[in-house]
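Peer 1: In case it's useful when we look at the structure, here is the feature table from TrEMBL:
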TRANSMEM  B:25-42  transmembrane segment
TRANSMEM  B:54-73  transmembrane segment
TRANSMEM  B:103-126  transmembrane segment
TRANSMEM  B:132-154  transmembrane segment
TRANSMEM  B:191-216  transmembrane segment
TRANSMEM  B:236-258  transmembrane segment
TRANSMEM  B:270-303  transmembrane segment
TRANSMEM  B:315-335  transmembrane segment
Amino acid sequence: MTSHRSGRLGLVAVGAALLLAACTGPAAEDPSSGSGQEVPAETGPFRIAVISHGTAGDAFWNVVKNGAEDAGRQLGVPVEYNSDGDPGNQAKLIDNAVAQRVGGLVVSMQNPEAVRPSIENAVRAGIPVVTINSGEEQSAAYGALTHVGQSEGVAGEQAGRKFKEAGKTKLLCVIHEAGNIGQNQRCDGAARGFGAAERLQVDISNPTDVQARIRGAVQTDPSIDAVLTLNSQVAANAVNAIEQVQSQAQVATFDLNADVVSAIKSGDVLFAVDQQQYEQGYLPIVFLKLYRDNRNVVGGGRPVLTGPDLVDKSTVDQIGAYVERGTR
Amino acid sequence: MTATTLDERVGRTRLADRLVVRPEIGALLGAVVVFAFFSITADQFLTGDGVATWLDDASTLGIMAVAVSLLMIGGEFDLSAGVMTASTALVTAILATQAGWNVWLALLASLVFALGVGAFNGWLVMRTGLPSFIVTLGTFLALQGLNLGVTRLVTGTVQVSGMRSAEGYASSGFVFASTVDIGGTKFQISILWWLGFAAVAAWLLVRTRFGNWIFAVGGSPVSSRAVGVPVKRTKILLFMTTALAGWLVGSINILRFASVQANQGIGLELQFIIAAVVGGCLLTGGFGSAIGAAIGALIFGMARQGIVFSRWDSDWFMLFLGVMLLAAVLVNNTFRRRAERVRR
């Protein structure tokens, strides 16, 4: 609660500062102003556009959006969130933000090459860019200040290793968006950490299909004793599927939601790989504000990692409450 | 001026009446309304960069919508048009980056591929007499599977990238993906392709014999066959036109974004049809306009980017878009009914 209130206070303070700035700005006829002594802090309206590749209504990206908007509220920076799963359309949204001359840009790069011209264009226009979520390797080369995210491959590897430590022998990795490169990297990583992994393709927009296909997979190959899903909703479907055929397989998943939390509590889900995407929304806003006010840069070109944080039975009680709040 | 009464068929019609029978007049009005609306609500909508953004958005959609409108006037649908934009891009990208072909050669190969799929669509529809809805739904699914399967097989991942280092990228990129500087604002060359494609299609439709055939086969294939219109050839050519447009958009995309994802383009076919319908095409065929479809795409682009410029919460995005499109179609419909009254 207190942090909330101080956030409001901060907002009022910044708002007042902006108001003052706006008052003095146009009437700056005082010849003493503009002397070399002053810090060249930029004033005036400062807006940040967050443009992700998530589809509308995606639970994961909703948490990112919450993070960005919370940071914006607390810092008094207007934040606008837009998203489009199609890389071409995402590029156009970036162009749109550049045309609006936003003060800062936060972009997720599922398909780095496709958004490259738009990001470079933004950088050329003097707009500081922070990349989030995916695209870690390309971030610096495109001229972004920093990258905030988790390495998908590393996260997958950790999940694979954790399964192995739990004594599992055969792993099934469930991909729910056929063309998503990050998901393929996760399964590749899981295969590295575990030794090998089979893949199963399902369609996230059709939960019945997801459940049926996972059921079919564990039925036809009873030696599968570990199922890794890459999305919390798919995890719930996998748990149901496994219960239906009384398979001995255990599920672990990427990303948290209320269902996953209760499934971890009840032991149906072994663990969840949480990349703490709230930070991916929150931190870039802070970074961009610090860059603007103080020319601070974080990480010196190295990515800032938000995860993975493995959530299992020992930590799930605390974290569960935050999931309900929409921030984990 | 003699006292004899003119036959009403050769009599001069009033300008308003002549305007009102144009299929694209509703779309034009809709575009003016949408344009005015966002010009007022969003500050940057009218800036150079702003205009470049929404024109860019409308351009690739517009190229497809124009081709789809010709096909729809001809009485057919093509549900594989959306995936075709990705398939052609994938063929180009795989040949250029994996097989090491010159980009121009790869583009030529994907053009042949596209025209082949278009011809196959048309041939199958004509041969079997099945609704094009079903036939192209089949090719849509088949292409979707091919896109994913072949891409994974060849590259081991689900996207093909690295076009920028392919031989011939610079010259082909200049043709398909460069920008034109007008008054310090960079406009995508896809806008020129869009305008050119729309102009050619409009000319084809209203000034050539082929255009007459399109209206005829869409209005009544039986009677058009009776008066000697080559129904089969016309329809197959129309499917090939859609495929050609798909290739053009795919080429623009792959050269501009330099990478393509295997699941790209899915669902876009509906947007093409929406733009064509907003532009005055009838779902039943035989009536419509290429210019109208281009304007339909313009409305779509203005609305989609205008909503972002207006800084509305993106959660409501689709609602705004839906209401906007419904309004445009309703305006259109009213005009069409008036038009039909005038004609009678």
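Each Cβ is built from the backbone N, Cα and C atoms, and glycine gets one as well.
All annotation found in TrEMBL is predicted automatically rather than curated by experts.
Would you situate these features in the structure and describe their surroundings?
Peer 2: Here the transmembrane segment (B:25-42) has long-range neighbours at 19, 50, 278-280, 292, 295-296, 298-299, 302-303, 306, 309-311, 324, 327-328, 331-336, 339, meaning same-chain residues at least 6 beyond its ends whose C-beta is under 8 angstroms from one of its own.
Listed as Cβ neighbours of the transmembrane segment (B:236-258) (distance under 8 Å, sequence separation of 6 or more from its ends, same chain) are residues 60, 63-64, 66-68, 70-71, 74, 76, 78, 81, 84-89, 92-93, 103, 107, 110-111, 114-115, 117-119, 121-123, 125-126, 132, 161-164, 169, 172-173, 176-177, 188, 190, 193, 197, 210, 214, 264.
Cβ atoms under 8 Å from those of the transmembrane segment (B:270-303) belong to residues 22-28, 30-31, 34-35, 38, 54-59, 61-62, 64-66, 68-70, 72-77, 81-82, 194-195, 198, 201-202, 204-205, 215, 218-220, 320-321, 324-325, 328-329, 332, 336 of the same chain, restricted to positions at least 6 beyond its ends.
Long-range contacts of the transmembrane segment (B:315-335) within its own chain (CB-CB distance under 8 A, at least 6 residues past either end) are made by residues 20, 25-27, 29-30, 33-34, 274, 277-278, 280, 296, 299-300, 303-304, 307.
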Peer 1: Do the transmembrane segment (B:191-216) and the transmembrane segment (B:54-73) come together with 3 or more C-beta pairs under 8 Å, pairs six or more apart in sequence?
Peer 2: yes
